[in-house]
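S.K.: Before anything else, here's the structure in question.
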Amino acid sequence: SHKSSKREWKPLEDHSCTDVPWLLLFILFCIGMGFICGFSIATGAAARLLSGYDSYGNICGQKNVKVEGIVNSGLDLTHKKYVFFLDPCNIDLVHQKIKSIALCVSACPRTELKTLADIQKFAETNGSTLCSYELQPTEYTTDPRAAKLCPKYPVPESAPIPFFHRCAPVNISCYAKFAEALITFVSDSSVLHRLISGVMTSKEIIMGLCLLSLVLSMILMVIIRYISRVLVWILTILVILGSLGGTGVLWWLYAKQRLSASALETQIAKDNLQALLIYAIAATVFTVILLLIMLIMRKRVALTIALFHVAGKVFIHLPLLVFQPFWTFFVLILFWTYWIAVLLFLGTTGSPVPNEEGFVEFQMAGPLKYMWWYHVVGLIWISEFILACQQMTVAGAVVTYYFTREKRNLPFTPILSSVNRLVCYHLGTVAKGSFIITLVKIPRMILMYIHTQLKGKENACARCMLKACICCLWCLEKCLTYLNQNAYTATAINSTNFCTSAKDAFVILVENALRVAAINTVGDFMLFLGKVLIVCSTGLAGIMLLNYQRDYTIWVLPLIIVCLFAFLVAHCFLSIYEMVVDVLFLCFAVDTKYNDGSPGREFYMDKVLMEFVENSRKCMKEAGRGGGAEGRELKPMVGADEE
């Protein structure tokens, strides 16, 4: 029984298919997603979405079938290809649609039309009638119905949206109202207009800085592998200097602007001054917390440095790993585009139903209403599946690297062979792992939706309970994601199914609990410092560039946009690094558990890790003699080496 509970790990010896039923389930689910897409296209939703339709249920640019009980339906609109809204700025925010009669017209008004006479002239010269179908162009100025059936004037200059055949006003000012209503917290609308103009005037700088953050991330990935030991100290010193320096610069800028009192006449300068003060205070608090954390974590660094060093070597042998996030991102973007397209189709699917105003709406009947839910679950499961495929690919490649004694005998591209193994053997495992995450994510999303819907209606207790549930589910999701990743690594090593792999990985992680803690805190902290470094460099460059334009733009928003982008880019790159370190750690733990360096049970590990094991053993012996505080400090780090 003891033997079965401690099943031997056999790295890369046999490959077998894992979790086939889950793969079949996933394929069935994807077929269902395809069916939804096919159904919405077959019911004419695609034509409605692309060509556009008017308020009477006619699709523009083609002949139409009559709808019972609706006047003006069933018209031949072959020559009228564009949708024109009589009052394009009347937006209903609750239902997120434009409250206005829509008509099909043959051309959008390219100039502003101020009166009914202009509209009549436009109809006669361009042949495009902007009033409802029952009025002839000659009746525009005479018929009393024109007030209701003609557009609200002045008619703004508009142009067709490419591919979608809708006439949209060229000046976006009326949609700015829409944006303001979305961002309700900006009560003073002039602030929003100033923010938007600030972004528009400095868009070249924003693009340049985003590119800079990409380049910096690339450079950091390359540098980490050469100087991982020095890196910890360099990063530590840089972050201390950077956070102190950044705080200093902000206080200096604040003082400088405060002293030059003449600059405070304009409202923009006042906004900037207030923003600077808030930034400076936040930066000071942040600096103090950072320094405290660094003081506490300084002892637990040896194994992490060794693993980072080996991770650097992995990137030398497998340079294609760096491009892994690009592929994942590309596939995710493709999938999300498809998903949104089908979502839009679903919005216009259904049969025409007259509403109370006498216009046509499209509604789905019966069980088809619930296609939405299926579609949303699909979004989460398939996105998680794509991310899990990336984890499995990285794990497979790193495991191959670690457990190949002669690095010369590595396959030509370990990543391609890893992808090949994933597709041939382990897709079911990935589907199962991503499904488990989906199961946790959906209740959390439902709770968050309820929370947003109940804003201001419920009592404090209920809100607190909801927040607590959401928080617990979030923590559970994070733990499961970490366990899943280690389960994928175990699957890559042993070719066992998901549950067995998760159990094996969990046992190993529990045996090395303190090391796991050290690596996750120190390692993540190092990578976090890397992200901070990239964001700070980009932000500092941004402050320097944007500071020259401070008089006529607010530079708070451009700076936030740039920093967010820099953080996202850095996160994409460094998360791959984090994955590699986690996989290496599991391999290292398995290696130290089943091998002890004696003949026949040689270690697979790299020289750097060997040195770490030797050093920790020496420390153990000295600690055993000295028995002081140092012994207690190092004992947990080497718990697994002695088995």
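The backbone N, Cα and C atoms fix where each Cβ goes, and this holds for glycine too.
TrEMBL labels come from automatic prediction, so no person has curated them.
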S.K.: With TrEMBL as the source, identify the stretch among 459-480, 525-546 annotated transmembrane segment.
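M.R.: When 459-480, 525-546 are checked in TrEMBL, transmembrane segment belongs to 525-546.
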S.K.: So, taking each listed stretch (276-296, 370-403, 525-546) in turn and counting its Cβ pairs to the transmembrane segment (329-350) that are under 8 angstroms, which one gives the highest count?
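M.R.: By Cβ pairs under 8 Å, 370-403 leads among 276-296, 370-403, 525-546.
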S.K.: So, does the transmembrane segment (205-224) come close enough to the transmembrane segment (552-574) to give 3+ Cβ pairs below 8 Å, pairs being at least 6 apart in sequence?
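M.R.: Taking Cβ pairs at least 6 residues apart, the transmembrane segment (205-224) and the transmembrane segment (552-574) are in contact, with 3 or more under 8 Å.
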S.K.: For the transmembrane segment (525-546), name the stretch out of 20-42, 230-255, 370-403 with the most CB-CB pairs under 8 Å.
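M.R.: The listed stretch sharing the most Cβ pairs with the transmembrane segment (525-546) is 230-255.
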S.K.: Looking at 20-42, 205-224, 230-255, which one has the highest count of Cβ pairs under 8 angstroms to the transmembrane segment (370-403)?
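M.R.: Top-ranked stretch among 20-42, 205-224, 230-255: 20-42.
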